[in-house]
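**Student:** So that we are looking at the same thing, I have put the structure below in structure tokens.
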Amino acid sequence: MTTVNLDLQNSLVAEKNRGKITQIIGPVMDISFLPGQMPNIYNCLTVKGKNASGDFIDVTCEVQQLLGDNKVRAVAMSATDGLMRGMEVIDTGSPLSVPVGETTLGRIFNVLGEPVDNLGPVDTSITFPIHRAAPAFTQLDTKLSIFETGIKVVDLLAPYRRGGKIGLFGGAGVGKTVLIMELINNIAKAHGGVSVFGGVGERTREGNDLYMEMKESKVINEENISESKVALVYGQMNEPPGARMRVGLTALTMAEYFRDVNKQDVLLFIDNIFRFVQAGSEVSALLGRMPSAVGYQPTLSTEMGTLQERITSTKEGSITSIQAVYVPADDLTDPAPATTFAHLDATTVLSRNLAAKGIYPAVDPLDSTSTMLQPWIVGEEHYETAQGVKETLQRYKELQDIIAILGLDELSEEDRLIVARARKIERFLSQPFFVAEVFTGSPGKYVSLIDTIKGFQMILSGELDHLPEQAFYLVGDIEEATAKAATIQVQSE
């Protein structure tokens, strides 16, 4: 009897529910099923067949709404060109699932978890569904701890929270990509962690450039792909909104495996979080929802919250997320960036002025913020040093107009000292990157938080007033700066 039941079960699994397309509106389609065979919300549906010219079509879509009358409305994950009414649709019976684990490292995937780098198939023995619940409240790690990056300006003035969310603001050409690659490199070396990069609705050229630069800087190891430190998931600008709306979840799912199963610290990069919202708004009207403020989807906060709540620290491991934020028309009150800000623990703002001076990383020390910079979290010493650095730089900024008009000589003795120290601080905030060794020629430096604090304390106290300011430019810790000063002195003699 049991054998008969098993056979019956197997035949039911093999016999998937089938429906037919009744309407296609751009990336959205309506599909009718037989009574009692309706798919669940978020189920993955596939359309396989031939178009009018005889070419093979394979489109995956995701159920978004149950319309009644045995109809569902679904969003396509790839172009709907060539689809026709009456085509057969198969319900896979489960949400979209993607490969996870070590096999993903060094590879590029699309939203469906298919490799798109022409390096052959990926082992799909372990897959996770992209729609998963956020960790339970009891599993969360409530300790506030700093995530050390080894980058002086970040660790001192706008420290990242382990398992926190960081917004990365900056225009074109100020060094976002290099900063991202350095963070990927440092987490692998210092924390033994891995990274997942989600390219959401950005330029395909940038995605390709990032891949090439990662291979050049050995973040992706071509000789031994399994030794790579990052997995890449791309859903670029040319993809339909369905893919751009879900590619962030695909990347997050891959990151969750490393956190929950491998118990590692993971860095998740999302470039760009605004495009995730934008894709949702493109689909929203087609799904028949009333637009809300500025034409955005009424479900904006829910969609953002569902994604962001899954990015967190548990007692097992952490996902620290760095999200590039595009601000439409530089309007910070726009609903998309405003909703994003509610979730961020820190902001890293890149400045074009610093990049123009040749100070890299071009992180603006006065505009970048962090909720972690509190004396009871980072300690009194770190807090006092950071405040001292900010005060000195702020005073220097105020004095710049006077210097431009009257010159340095017109300043008081005290102000001249502040300017000299501020210029040293500004230069000491720069540092050579491992991933930039190829084009700078100077070896990269990872500076521990203790060394960073010690260095800035010495500059603020006036111990190093006698050293030339160029000794502080592009060095690691303060010992290196004093050694460089000695070399400069010898050369000048």
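Every residue gets a Cβ built from N, Cα and C, even glycine.
Note that this is a predicted model, so its numbers are computed, not measured.
Okay, so Swiss-Prot annotates it like this:
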BINDING   Gly170, Gly171, Ala172, Gly173, Val174, Gly175, Lys176, Thr177  ATP binding site
**Student:** Would you count the other C-beta atoms found within 10 angstroms of the C-beta of Gly171 (ATP binding site) for me?
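**Tutor:** Around the Cβ of Gly171 (ATP binding site), 13 other Cβ atoms lie within 10 Å.
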**Student:** Taking the Cβ of Val174 (ATP binding site) as the centre, count every other Cβ atom within 10 Å, in any protein chain shown.
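**Tutor:** Its Cβ has 23 other Cβ atoms within 10 Å.
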**Student:** In sequence order, what residues of the same chain, 6+ apart, have a Cβ less than 8 Å from the Cβ of Gly175 (ATP binding site)?
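**Tutor:** Listed in sequence order, they are Leu350, Ala355, Tyr360, Pro361, Ala362.
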**Student:** Under a criterion of Cβ-Cβ distance under 8 Å and sequence separation of at least 6, what residues of the same chain contact Thr177 (ATP binding site)?
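**Tutor:** Once residues fewer than 6 apart are set aside, Thr177 (ATP binding site) is near Glu206, Asp209, Leu210, Glu213.
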**Student:** Between Gly170, Gly173, which of the binding-site residues has its C-beta surrounded by the fewest other C-beta atoms within 10 Å?
**Tutor:** Gly173
**Student:** Starting from the Cβ centroid of Gly170, Gly171, Ala172, Gly173, Val174, Gly175, Lys176, Thr177, which together make up the recorded ATP site, report each further residue of the same chain whose Cβ lies within 8 Å of that point, ordered by sequence.
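**Tutor:** Residues close to the ATP site, other than Gly170, Gly171, Ala172, Gly173, Val174, Gly175, Lys176, Thr177: Leu350, Ala355, Ala362.
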**Student:** Report the member of Ala172, Lys176 (the binding-site residues) whose C-beta atom has the most other C-beta atoms within 10 angstroms.
**Tutor:** Lys176
